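Engineer: In case it's useful when we look at the structure, here is the feature table from Swiss-Prot:
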type	residues	note
BINDING	16, 175, 176, 177, 242, 243, 251, 257, 258, 274, 278	ATP binding site
BINDING	18	Mg(2+) binding site
BINDING	44	K(+) binding site
BINDING	57, 100, 251, 282	L-methionine binding site
REGION	100-110	region 'Flexible loop'
């Protein structure tokens, strides 16, 4: 009998409290970058019933109306009614942003590699904004080269949001969560969906039967390919029986608390650093994007079926302290050769990553819900596969 292996990932909608915080932080970042592409930003947000607190450190020449950005973001998410207990019009906004520490700025603005040097490479000028380790991952389970569980989980909550915003399901409210369990065969290939959990906030007048019927027909059956579903697939729709109170009225939210949702759903390792509210000199964000870019191009080049890339940095130093490529036995060449190719083809200094992926643009708010990786609905530079030929050429030359 073949071994049955299950793997589960979850996602949350843009109306989840932690995701509200992420979107506010990234909306502030984008507003600053629109005026000052060289700004250094670390904006954190906390939300709870009736209040939003924005705090952190910035260095910028820009002036941004934080109050307006916060309220616009909340309204766009869909918290625009007093009965939700959290609305764009009535929420209290409390900003507390201060100047970036000069000790940190010293290492970011002038990397170790150029201090005291007469010959300077411009891309050596920016040092990593902190120490840390970052992971990128790709696998051939889906067209976007993502693990199937997180891909489906994102699509489910995005579909709920689309149905809410289009007016097709008027009783839906902004907060929602999904969870998908996928069964894999002995070759680690996904063969079926074993369980789906969806909890969605709703108006008090909708019946559980109606909600259950609509979620099955209009969400699950529309999102999950039919060949993954069978009569053994379990559906848990609002299993508590009621989800009227949600969003920040139900739970407080904080930037950076959904880092597994933001990446690979637990299928790959995570270095621990969050993304939202941080400009690209923070390698927590930019190097994670670079690692995904590398991993996706390796799989797209058919050099491995599954690959995880680890990068690590020291604060104030431009060059990564380590680069590691793990193909989990699926690679067609030695991992040492792949690592050599990565170092040759991808500039992994912070300034190199920023240039390579054009990260000084205000593109971040759109990443703050439904995942930073594997997106097919928006054009993100780290999702492009434009290094495939360079990788193949390098390997062929060895």
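Any Cβ shown, glycine's included, is placed from N, Cα and C.
Since the structure is predicted, the reported quantities are computational estimates derived from the model, not experimental observations.
Could you tell me the structural context for the features on the list?
Structural biologist: For residue 278 (ATP binding site), the same-chain residues that are 6 or more apart in sequence and have a Cβ closer than 8 Å to its Cβ are 29, 41, 42, 43, 284, 285. DSSP assigns residue 278 (ATP binding site) to a strand.
Around the Cβ of residue 18 (Mg(2+) binding site), 22 further Cβ atoms fall within 10 Å across all displayed protein chains. In the three-state DSSP assignment, the secondary structure recorded for residue 18 (Mg(2+) binding site) is helix.
DSSP assigns residue 44 (K(+) binding site) to a strand in the three-state reduction. Counting every protein chain shown, the number of other Cβ atoms lying within 10 Å of the Cβ of residue 44 (K(+) binding site) is 22.
Cβ neighbours within 10 Å of residue 251 (ATP binding site), excluding its own Cβ and spanning all shown chains: 15.
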Engineer: With H, G and I counted as helix, E and B as strand and the rest as coil, say where DSSP puts residue 251 (ATP binding site).
Structural biologist: coil
Engineer: Using all protein chains shown, find which of the binding-site residues 16, 242, 258, 282 scores highest when you count other CB atoms within 10 A of its CB.
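Structural biologist: Most Cβ neighbours within 10 Å: 16.
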Engineer: Find the shortest Cα-Cα separation between residue 282 (L-methionine binding site) and the binding-site residues 16, 18, 44, 242, 251, and name the residue that gives it.
Structural biologist: 44
Engineer: Ten-angstrom check, please: count other Cβ atoms within 10 Å of the Cβ of residue 176 (ATP binding site), all chains counted.
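Structural biologist: Its Cβ shell of radius 10 Å holds 30 other Cβ atoms.
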Engineer: Average the per-residue pLDDT over the region 'Flexible loop' (100-110) and send me the rounded value.
Structural biologist: 54
